[in-house]
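Quick notes on the structure that follows.
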């Protein structure tokens, strides 16, 4: 069989010619229209002209001489014996340049065909995406319905929780009542209740349940029904002008006897009084005056001794324990001859040794100097030998002070024995001395404060008292004139907040405040962190998270942190006394968490929930919300649109809140409520996160559809003869890979990425490296496309020439045997099977395999071996195409096994190219150069083969031709050839080197 290349009679050797890139883009319309018109005049209406018009590309040599190319076959239209002759030619009389131009134009039309196929593919993908969007929309609707049901369930559970909470509170109150019912506190409460009930009952009880007429005029008369409601068995007053006895009796006679009615009405009137007498009677003026006179007379008779002593006794017996101790003290004081008040003070403040020493002296067994000396020695020895939390010097000083106080107490006892100094006078004297000595001294004392930055401030407490009185007055008047619509001024609390940061779960930041001896913030700010970083006035320290306080019927918690030692001067918030709708202010930091900012607005309070029109941002969670007095009202936890969501903590901190401690059986109801709320919180959070995921996926799909809609899709009209499903139309389909696919390709492995990080590259630098690699891959891919579109013509030309020669010989043989006129025969053309493989990833691989006629099964078998069922990882793409005369198979996104793409070559063409880009402001200047070299045929063979007849070798069909293009790896150092043992072929007798030469018997070539 003839080898590739023009053969046969009249064949001319191909001239050296180089086709330029972009040749298919050139157009030369000069004279073409007129030539076509003249050709139609000469050949129009003939079958030969119709066949010529069915070619892909037509070239006019002259009016009577035309060439056409269809697929890989050239056709010629001439005039023979005055008749048009249309026939296929093997070697057309065309120059290489003319052939190159026709081939380039033909490839352009094939590319248009592939664009139509790509358009249909994109339309199909668009329809699939729309179906997917419709499915996701349905799922979203179902999710929203499910969420609505869960919300209804949550509302029902919330209502049930409120009922359980109220019931639990009632049970707690009942339990508390049962505990204190028979105790000391319950007994005192019972006595006080009986006393107050007696007074109130005597105060409100009327004399006789009847009406009293008041001497005032009235324009209206009362009816019997009204009179009955006001006066029958009731103590009330009735204007004399509204009372008409006869009218009332007549109206009453409708129901009972007239005389009985008059008797009932007369009995219901107790008498008549003036308006002033009515007022004195209603307000019990006479009784109040009498009670006051009685108390004054009692005080005058018994002086102040009785009430003062009563208060003294009540304080001493404030509970059961102190009542027993006070009784013992009174007994000891009586036995030892000591005054009760000084002895009580000594027992309260002095060491027990001092009280014992006084009792010993009171018994009369020892003198004052001796008891003072022994007392002094004992206290000092105890201070020296018995350590405690105080410094030894402090303990000795205290011992010395009480050693001096003992003789003073004894001398005072002796002086009081010679004078009349009653108990009430002792109590009053003690109160006056303590008030003057300690109260005024504390009030006028100077306070020194050292700020964290080192500045020292001094002020007197009396000035703070004055300012407090002024502030209270101002707040009172501001409260009185509070009007919605006029925002009041708030006290500055810029120094009362701190910034809180944690590094757990990606890190978070918020605001904290001091309340009592702890710092508080929103629970989600610290999360599960154990340590938080706190910043105040530029000073940063670490604080331990002590726990979380559960908020009743709320989805968040309140985190409690300890106060670091450097932050002991952090100002403390005071709780608001009441929570009601009013203007409030939220104190927080700005977006950069640097400067203090405030939000002011009207707050709506519903139970423990607080809503205010604050458009907050990330980092404001945990901010304190204060009222117009500067007192702590609530805590900010988040925002819904432009409405701040907060929680009122005034009732929460009315008692010490629990911080995740163990619960007793009595708190079982609270535990159930908290567990139910926790379940609702978790289910709601999971539903919300799932809904957000579906929304994100839906938005991504919508964006993909919008991108596809915005993409310009070229839909060209089909031309006659271009619908044939051959590989020329199919192979360009693989070129329609966008640059966006390359910019998403994964070019670095995990090991390479970690190695770059270990070498000190930042994320931005690594991103730049990856982008450069992807850009270079895109340029290499474009170069390969240009090579396939522009430089494959030589190999294709040789293969086409071989097939055309064979067809031409068969046609000539048939013409000679049958003698038929060519214009009456069917057109003969050749269709070939072709494979196309492309895989783009870290390594780009492209391969094209074309087969001669009759090898369709082998092409399909090779296609099935190369294309696997394994999906490519994210960032890599692949396409495989099989073109047969009767079908086209296309597969994308599967891994391709290029190991099976191989043949036994007889010729090898080596290619090398370079692409250079010069960047200019107006655009890039691109240079592409390529060199193709025919490698010399090697002496083949790797093993011995069996001898076969020469005839079978000649009848063996032409092997398929394969083209495989890969990214050229970096050059590796060439090793020196190894010298192996020589061997001799048993068939042909040729000598070759083992493990080095590839040997094939010459008789089989």
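Any Cβ shown, glycine's included, is placed from N, Cα and C.
DSSP gives residue 524 (active site, charge relay system) a helix state. Around residue 524 (active site, charge relay system), the same-chain residues at least 6 positions away in sequence with a Cβ under 8 Å from its Cβ are 508, 556, 557, 621, 637. The active site, charge relay system feature in Swiss-Prot is assigned to 524 (among others); the stated evidence is similarity to another entry.
DSSP assigns residue 556 (active site, charge relay system) to coil in the three-state reduction, outside any helix or strand. Taken from Swiss-Prot, the feature active site, charge relay system covers 556 (among others), and the record attributes it to similarity to another entry.
Look at Swiss-Prot and you will find 621 (among others) tagged as active site, charge relay system.
Under the heading compositional bias 'Low complexity', Swiss-Prot lists 941-961.
The O-(5'-phospho-RNA)-tyrosine feature in Swiss-Prot is assigned to 753. A helical conformation is recorded for residue 753 (O-(5'-phospho-RNA)-tyrosine) in the three-state DSSP classification.
The region 'Disordered' annotation in Swiss-Prot covers 940-984.
What Swiss-Prot records for 239-259 (among others) is transmembrane segment, and it gives sequence analysis as the kind of evidence. Distant neighbours of the transmembrane segment (239-259): 213-224, 227, 265-266, 269, 272; these residues of the same chain sit at least 6 beyond its ends, with a Cβ under 8 Å from one of its Cβ atoms.
According to Swiss-Prot, the feature transmembrane segment maps to 286-306 (among others).
The transmembrane segment annotation in Swiss-Prot covers 313-333 (among others).
What Swiss-Prot records for 344-364 (among others) is transmembrane segment.
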Select the most exposed residue of 556, 621, 753, where exposure means the fewest other Cβ atoms within 10 Å, treating these as the recorded positions. 753
